[in-house]
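Chemist: From TrEMBL, for reference:
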DOMAIN    2-86  domain 'Ig-like'
């Protein structure tokens, strides 16, 4: 299985409380396994507040809905041994 790397990393975002924010990270291969999103070292799951998806096979997205002050912090995307933060 080829080593999946991060082609285009996360970008820092500034948003207003109550807004949605989307983070995108592009990887080198489709159907990457061992992918994880974290906020302040807490793993995020796909639910009504966090939408985790993959666009066009290689672009992994995380949308945080109606952010609050508690959502301030570092977002981390990890695929295998590679990470990107914002």
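Glycine residues also receive a Cβ, built from the backbone N, Cα and C atoms like all the rest.
The shown structure was predicted, so the numbers you read here are calculated from the model rather than taken from an experiment.
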Chemist: As a test of reading the model: what is the averaged pLDDT for the domain 'Ig-like' (2-86)?
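Modeler: Overall, the domain 'Ig-like' (2-86) comes to a mean pLDDT of 95.
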Chemist: As a quick check of your reading of DSSP, tell me how many residues in the domain 'Ig-like' (2-86) are helical, how many are strand and how many are coil.
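Modeler: Taking each residue of the domain 'Ig-like' (2-86) in turn, the totals are 3 helix, 38 strand, 44 coil.
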